[in-house]
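Per TrEMBL, these features apply:
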type     : residues  : note
TRANSMEM : A:54-74   : transmembrane segment
TRANSMEM : A:86-110  : transmembrane segment
TRANSMEM : A:116-137 : transmembrane segment
TRANSMEM : A:149-171 : transmembrane segment
TRANSMEM : A:191-213 : transmembrane segment
TRANSMEM : A:239-265 : transmembrane segment
TRANSMEM : A:277-294 : transmembrane segment
TRANSMEM : A:306-327 : transmembrane segment
C-alpha cells in the first residue's frame, strides 16, 4: 500500500517538474522565477508564458491524461494487454470524422465560437463508434478474443486511413494543411479557446470513470464471473467506452493522433502497483500527462528552433518499451 | 425450497441443450449432477445461476422468480464456481477473494471483510497464501482460491439473509485426494449451515459418498433422479455412460454404492 502511494506521489512530483520545465523552454529564454517575482518589464515574457506556453502545457496534461487513462481502461475492458486508443482504431475513427468535418467545412458553417465545437464532438462520436464496433466484432460468448480485436483494429485503422486519404484527395489547400497537421499529432498552436473546447468532454469522461475501478478489476476475471459477483458488466462497458471516446476523441480532434502513451503507460504503472485499477487508473492518468508534457518539451528542443511533431517523439520513446513489454508478455505475464 | 427449476428448456442455435427439466434443491441439501461429457451439466448450472436464461420455463430462487432478481440480489443469493476461471491478472489471493465481497459485503467494515477472507481461505486450505500472486499458484491452488472467492461472496450476505445456494462445476477436478476431501468437507459444512448445494461431478464415488440426491443428465434430459443408492446402479452405468459389466458394488459399511472398473482391474491383475 505504502509503495503504491509513494509511487503516485513521485509520479505527481515528476509531472509538476515537467510542467515547470515545459513552461521554461522555448524560443525566448524566460526565467520563470523572475517572472513571478518582478513586475513591469516582464510583461512581454508573462504574455508569452501565459498565452502561448501555458495553454500548450495544459493541453498536453489533458491529452496525456486522456491517453494514459483510456489505455488503462481499454486494456481492462478488452482484457487485452495491447489495447490502446491508437492501436485498435479509436484514434483513427476520431480522425476520420474530424477530417470529414474539416473537408466539408462544417466548422465554417457556424460562427467560429460555435463551429469549433463540432470538431471535439465529431471526434468523440468517431471514437465511440470505433470502440463499439470493435467490441461487437471481438466479443464471442461473453469473452473478447485478443487476436480478433487486434486484427479488426488494424483493418479498421487501415480502412479509416483509406477514407481519410480519399478526403485528403478531395480537400482544398486550407483543409489539407489542417489534416496534415492533425495526422502528425502536435500541440503547436494550442490556445486557451481550444483548451476550453475539450474541457466539457473531459468532464464527461471523468464522470464516467468514477466508480469504474472495481468493476474493471472484476472484469479481468472475465465478464461471466464479474456478472456472477454482482458487478454491473453492461453498464461498466458502456461507461468505459464513453469515457475513452469522450476524452480521446476530443483530444485527438484537436491535437491529432499521438501513439504509444496509451499502451505503454498503464503497463509501466502496473509494474509497480499491480493490476488493481484503483491504483492503475490514477497512476496512468498522471504518468500519461507527465510523459506527454515531457515529450512535447523534447519535441521543441531536439530540432530547435524548428519543432518535431510530438507523435514522433512518443513513438521513438514508446516503441522500444512496447517491444520490451511484448517480450515480457511472451514470458508469461499478460494483463499483469 | 431454495432453488427450483420448473419445465426449463434451453435452445441455442436450433440445438436443444436442456429439455423439460424439473429439479429442486432444499436448504441443507447436497445435489450432485452427473452425466457424460456434453450432457448439458454446465449449461444446467448456468441456468441455475441465472446467467443463462431458459428459453422457456421458470427458475425459482427462495420462492421468487429468478428473472425478477437484480444482479446484486442474485449475487447475495447464489454463487457459481465455473469449471475454468480466468486468472491472468496478477492479483494477490487476498484481493481476488475480496472481489467476491465487493457487493455482497459492501455494508461490512473492512475488519469484518478481512475476517471473512481469512476464514474462507482457511476453509479451502490456503491459509498463509493471502499475499501470494494468483498467477504463481498451481492449478489446484488457483481453483481453491476461486472457490474461496465464491464462498466469500455468499458469506457477505450470510448475517442478513442466511445461507444461499452454492453451485460448483467440477470443484474436485484439479485437486489431489486430500484437497478433494477438504473441499467436500467445506461443502458439507455449508449445507449444515442451511445452504443449498449443487455439484457437477465426474467422480461418481464422491457423488455416491456425499450427495443427498443425484440427478443424472443425458443428452439434455433428466435421465434419473433420487438418492445415490436408488440411482447409481449397473443399469444406469450401461444406459448413460455405456459402461458394461460388473462395475458396481455396495459399500459394506455405509450401504452406499461404490463404483470401480472391475474389468480393467481384472485385465491389469493378469499382467502382475
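The backbone N, Cα and C atoms fix where each Cβ goes, and this holds for glycine too.
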Practice task
Answer yes if the transmembrane segment (A:239-265) and the transmembrane segment (A:149-171) have at least three CB pairs under 8 Å among residue pairs 6 or more apart in sequence, and no otherwise.
Solution key: no
Practice task
Given the cut-off of 8 Å on Cβ pairs that are 6 or more apart in sequence, determine whether the transmembrane segment (A:54-74) and the transmembrane segment (A:191-213) share at least 3 such pairs.
Solution key: yes
Handout entry: Tertiary contacts of the transmembrane segment (A:116-137) (same chain, 6+ residues out, Cβ under 8 Å)
Key = 74, 77-78, 85, 88-98, 100-102, 106-107, 110, 144, 148-149, 152-153, 156, 160, 193-194, 197-198, 201, 237, 241-242, 244-246, 248-254
Practice task
Report, as numbers and ranges, which residues of the same chain sit near the transmembrane segment (A:149-171): CB under 8 Å and 6 or more residues beyond its ends.
Solution key: 78, 80, 82-83, 87-89, 92-93, 95-96, 99-100, 102-103, 130, 133-134, 137-138, 179, 183
Problem - Outside the transmembrane segment (A:86-110), six or more residues from its ends: residues with CB under 8 Å to it - result: 70, 74, 78, 116, 118-119, 122-127, 129-131, 133-134, 149-150, 152-154, 156-157, 160-161, 163-164, 167-168, 170-171, 175, 178-179, 182-183, 244-245, 248-249, 252-253, 256-260, 262-263
Handout entry: Positions on the same chain near the transmembrane segment (A:306-327), where near means CB under 8 A and six or more residues out
Key = 60, 81-82, 184-188, 255-261, 263-264, 267-268, 291-292, 295-296, 298-300
